[in-house]
Amino acid sequence: MTKQQLVLEDGTTFIGTGFGSTESISGEVVFYNGITGYQEMISDPANAGKIIVMTQPLVGNYGINQDDFETLDPCINGLIVKEVSDYPSNFRMDESLDSFFKAHDIPGITGVDTRKLVTHIRNQGSMKGSITNIESSLDSIIETLTSIPEQTNVVEQVSAVKPYIIPGRGSRIVIIDLGIKHGILRELTKRGCHITVVPYNYGFEKIMRLKPEGVLLSNGPGNPTAIPEVIETIKELIGKTPLFGIGLGQLLFGLACGASTEKLPYGQYGNYPVKDLETNQSHLVAKSQSYTITNNSLDGTKLEKIYIGLNDKTVEGLKHKEYPAFSVQFNPEGSPGPEDIIYLFDSFLQEIKQFSENKEDTSNA
């Protein structure tokens with residue numbers, strides 16, 4: 001293993017030992033506070049293009065298996081850890097984290113003071129960084145980092161290219177794929193749903209030709225304002241069919257209803273507490289987000305908050321005041337993380353049932 005360095009765009013440098021690929025890579029550096037679930041995090045499309053810093057000091061104990069992927073290919077650009085396990089062991093393990101990263105050209109650095117690095121990101125905000133060998137010129141790395149333009153439409157890289165079906169005998173659900181996780185598909189198939197997954201830019205008329213009983217706006221990466229065509233589609237869908245937004249889906253739902261979004265200082269990746277404003281209960285949830293709904297932008301809209309973050313009062317859930325449409329900023333299915341609010345999939349199906357019954361009553365009147 002060779003010495004590698006993480007260089008941040010403000011010039012701060014962290015040196016450690018490389019594992020996985022030796023390729024140089026750049027990306028936004030954020031930290032993940034989960035203790036386990038690194039395989040799901042690595043393959044979560046919401047983390048596309050990120051260099052992830054793990055707050056858990058020892059990573060890779062149970063290797064990589066075939067069951068815990070959230071998409072077919074890994075999505076992150078790089079991984080920074082305090083210590084990577086040299087001797088992983090688990091009855092489900094197929095290979096080590098190191099060999100998996102080598103096979104997929106993902107660089108990692110071990111031996112980094114991750115507490116110091118996380119504190120720096122938390123205090124200074126998330127920023128671009130580059131994983132390179134220690135011989136690389138610091139000035140040239142910083143010059144390259146500062147010249148990298150902000151990514152615009154990241155969703156295009158992770159969305160389905162064409163529609164596909166997961167057959168079932170239950171409710172007909174159309175999922176607008178903004179970077180869908182397998183965990184969401186698993187929860188809907190468990191409930192017998194007939195699922196059609198469509199690309200992010202699939203228009204309103206095409207969606208309605210599929211005769212959906214409900215539409216789910218999936219999680220995904222990037223700035224929601226970079227995909228205005230999806231916002232326009234959601235505007236047309238509201239009131240026509242029940243809607244459920246998750247992660248990026250919430251941000252787009254909010255924008256479609258007149259709210260605005262803003263970037264968080266250093267993102268929220270991992271496990272965070274939220275409060276259900278309808279029941280006054282607190283829950284621990286899994287999150288992967290860099291953007292949030294601006295709190296005061298809800299004034300004058302037809303949206304109301306149903307969940308808030310307990311740490312910073314961020315908007316964690318929204319509900320339309322007139323139509324069957326709601327959203328959450330977190331991952332109700334966990335994968336990885338808590339499953340405290342997995343019942344939201346049942347709430348969505350109940351909304352679909354109620355909407356269908358109301359349509360029948362109206363047509364029979």
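Even glycines carry a Cβ here, placed using N, Cα and C.
Remember, predicted model here, so these are calculated numbers, not experimental data.
Cross-referencing Leu243, Leu248, Leu252, Leu318 with the L-glutamine binding residues that TrEMBL gives (Gly220, Gly222, Tyr291) picks out Leu248. Each of the binding-site residues Gly220, Gly222 was scored by how many other Cβ atoms lie within 10 Å of its Cβ, and the smallest score goes to Gly222. Across the residues of the domain 'Carbamoyl-phosphate synthase small subunit N-terminal' (2-132), the predicted structure has a mean pLDDT of 96.
Cα of Leu248 (L-glutamine binding site) to Cα of Glu333 (active site): a span of 15 Å.
The 10 Å shell around the Cβ of Leu248 (L-glutamine binding site) contains 31 further Cβ atoms across the protein chains shown.
Non-local contacts of Tyr291 (L-glutamine binding site) by the CB criterion (under 8 A, 6+ apart in sequence, same chain) comprise Asn223, Pro224, Leu251, Thr261, Glu262, Lys263, Leu264. Annotated L-glutamine site Gly220, Gly222, Leu248, Tyr291; additional same-chain residues within 8 Å of its Cβ mean position, judged by their own Cβ, are Ala46, Val154, Val155, Leu178, Gly179, Asn219, Pro221, Asn223, Pro224, Gly247, Leu251, Leu252, Gln289, Ser290.
Residue counts of the domain 'Carbamoyl-phosphate synthase small subunit N-terminal' (2-132) by helix, strand and coil are 26 helix, 46 strand, 59 coil (DSSP-based).
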